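This report concerns only the one structure given below.
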Amino acid sequence: MERLEPRSGMRSRERKRLFIGLLFLSPWIFGFLVFQLYPIITSLYYSFTEYNLFTSPQWVGLDNYADMAQDGKMLSSLYNTAFMALFGFFPQLAYALGIALLLNQSVKGLSLYRTIYFLPTLVPAVAGSLLWIWLLNAQYGLVNQMLGAIGLPEPNWLMDENWTKPSLILMGFWGTGTITIMYLAALQEVPRMYYEAASIDGANKWHKFWHITLPAISPMTFFQLIMGLIGSFQYFSQGYVFAESSNQAIGGPGNSILFYAIYLFQNAFMFLKMGYASAMAWILFVIVLLLTLLIFKTSSRWVFYGGEK
Amino acid sequence: MNTASIGRKILPHLLLIIVGLLFLAPFAWLLLTTFKTEDEIFVIPIQWIPKEWIWDNYVNAVSMIPFIKYTWNTVVIALMSVAGVVLLSPLVAYGFSRIQFKGRNLLFILMLSTLMLPMQVTMIPLYVVFNKVNLLNSNWPLVLSAWFGTGMAYNVFLIRQFFNGIPMELTESAKIDGASEFRIYTQIVLPLAKPALLTIGLFTFLAAWGDFQGALIYLNDQETWTLSIGLKQFIRENGVAWGPLMAAATLFTIPIIILYFFVQKKFIEGITITGLK
């Protein structure tokens, strides 16, 4: 009995710490249960039902998932979204790195440049999109006027279904400031002695970039890939505003900018097909999880963590 | 110095200046458009500088649509979001950073993994719930989502990083003196965390200020609209009122830019921390 006392004393102290710990965590626990766990489970349930908000959900088994495979609009929204990830996000990532490398050349006036590249990311998505709709106006827009002045063709950016996605991608380059700043911070952390050592060994600029810089900033690339791909598959505001404001119709010309999240939103809140939209949400979830998993799996081959920190 | 090395010095600058000008051009075009008359807006070839600077577009921007009301709605939602976030997130972060208890790391990993959860998965059930409790067309769905939604994990993570940097001795000695965890939190740790709170406050404000999808889902009654969804009223059947629309977009953006110039360093730090650690 006497021996048990210190142990039970330990236990009660441990229990007290657990209690206090959970007390501090309680806002998150509440948020997790109400704003995440409950919705996740309910959404999975809805995805097997037909539900229009006014009558209670009717169980339809896998029908929603089967319907998706037949739904041309759903498939083209998936294509449009993948297109943006592939031809929008990846070039933008490379471009942001390029600018960060230039800024890292210890140029004078760094903070001025940094501000200029960062400013566009401060513009609210809707305001920025409306500005670009005006810039890309086929007749009076600045972009076409400039292209015309140097004798280049002037595409009908917003009305020609071949040019709508490139329009959005072009605008996306304008908003890469956050990635640039993150890359710049990563570049500034690369130890100088690596480059000095490489110089002694006679490495040229290209070697240094390929064998020192890229591996050293690979954790940042890893982070950007995950966040960027997750973000790409939820691409919404800009596509929605472009279509609504320039064509007065969701999806834009030929549904060329009907993105996955937009079509999902349309199903849920305009067609009130809550069951179908929930099934779409789960497919989105699975895609995001698989992409994340893929990046994690391959990361051991291309992400290098330095010794320090 | 030979020509090649001078070229190497100048080339980065030249590139940065050219790309920088390309980045600034849309801003210049936006601002100049807002001071032009309708005739000057639609003129070919384009004219950069207005012949006569007019303020009409700004007057129309705030009078053609209920601009003041939308601004007020946006401000209220943004400030309420910030208030809850800076109150709740540091509490949770303290629990994750300073109190040792069983299962803490597991819960932390669980919290981080929610960052991957697309909002599309949760938005329909949440909409159904907010509908049932009659909160559609109010600020609450947006504000509560800012407090407790995915943003919370991000904010807690950021502040926890900051708390982890506060030396343990500082809080340990207070504990030996018999101070309760809550007292240590409010009197020692929280006052030190002001810069981190400013950072998450800023990001929350920015997100709430520009939020489009959430407002689109929850605010159908025009009385409750924010600027993000109100701007579409400049787009009319008979064409877009470009002058007033660009003026309204400018007014919508300016508060954020001003905020940025006041707390530039915090901004950059916040962004850097999220990416690096």
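Using N, Cα and C of the backbone, Cβ positions are placed for all residues, glycine too.
The structure displayed is predicted, hence computed values, not measured ones.
If you look up TrEMBL, you'll see A:78-295 marked as domain 'ABC transmembrane type-1'.
Here TrEMBL flags A:20-41 (among others) as transmembrane segment.
As annotated by TrEMBL, transmembrane segment applies to A:82-103 (among others).
Taken from TrEMBL, the feature transmembrane segment applies to A:115-135 (among others).
The transmembrane segment annotation in TrEMBL covers A:168-188 (among others).
Taken from TrEMBL, the feature transmembrane segment covers A:209-236 (among others).
Here TrEMBL flags A:256-272 (among others) as transmembrane segment.
The transmembrane segment annotation in TrEMBL covers A:279-296 (among others).
Among the stretches A:82-103, A:256-272, A:279-296, the one making the largest number of Cβ pairs under 8 Å with the transmembrane segment (A:209-236) is A:82-103.
Highest Cβ contact count with the transmembrane segment (A:115-135) among the listed stretches A:82-103, A:168-188, A:279-296 falls to A:168-188 (criterion: pairs under 8 Å).
Within the chain, the transmembrane segment (A:168-188) has long-range Cβ neighbours (under 8 A, six or more residues past its boundaries) at 84, 87-89, 91-93, 95-97, 99-101, 103-104, 114, 117-121, 123, 128-129, 132, 136, 213, 216-217, 219-220, 223-224, 228, 238-239, 242, 257.
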